[in-house]
Amino acid sequence: MARSDVLVSADWAESNLDSANIVFVEVDEDTSTYDGDHIAGAIKLDWRADLQDPIKRDFIDTQQFSKLLGDRGISNDNTVILYGGNNNWFAAYAYWYFKLYRHDKVKLLDGGRKKWELDGRPLSTDTVTRPATSYAAAAPDNTIRAFRDEVIASIKIKNLVDVRSPDEFSGKLLAPAHLPQEQSQRPGHIPSAINIPWSKAANEDGTFKSDEQLAKLYADAGLDRLKETIVYCRIGERSSHTWFVLRELLGYQNVKNYDGSWTEYGSLVGVPIELGS
């Protein structure tokens, strides 16, 4: 897959802000970031309020996703350009959602907000609304999603890639250092998992490293590209970034994101856990 199939540059984005069939969507960890300013014409998706089921711990389902996108003015024919802060980590999470519900016309803005702001490109404070559409999401593509039982059965068999920080992997922390240390009941990592922090795939300006650099990163860490691969983090957003790198940029086959991640696994009774590096 060519990079142009899944990524757009900031130059391209700025030249296509007014294109009728393109919808720019911002998705941030800090869901108030968009409210301060955003790329002109972009709409907002709140990863917690919009993409998570309000009752059970799971994604919104096919009907809910259809309603969400229809209400926000996105049609099945639109090309969606996702971007956000912190090297696009939650934008990559949303990208994986779109792929889960088989919306193929979706790309990431390489570098996200960070690159856009470093370039000094314009931002807007205008309120953006789009006319509602009748969006029809497809049934989820669970070939890109890993579930608990498959993960447990994959220990010492498939590639398990823990993309959290070394301190989370070793069990010193339960969550990134800037966040509350909560959600999972136990620290540590899944036995046989390789620790390759997600952020190593990005340059200082938030753009993705070259294919050659990325291939070397994962090969040097011992990842066997001939095996099936499951990536995980704490809640699935950082592992979505690595899923994007492995599948969409490097062309790995059979890569799944375990969105339950450590929040689920670290709270299970009786499953194997390892501490240390």
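Cβ coordinates come from backbone N, Cα and C, glycine included.
What Swiss-Prot records for Cys233 is active site, cysteine persulfide intermediate. Here Swiss-Prot flags Arg238 as substrate binding site. Look at Swiss-Prot and you will find 18-125 tagged as domain 'Rhodanese 1'. Annotated domain 'Rhodanese 2' per Swiss-Prot: 154-274, in sequence order.
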Secondary structure at the residue listed as 'substrate binding site', reduced by DSSP to three states: helix
Long-range Cβ environment of the residue listed as 'active site, cysteine persulfide intermediate', under 8 Å and at least 6 residues apart: Asp162, Val163, Arg164, Trp198, Ser239, Ser261, Trp262
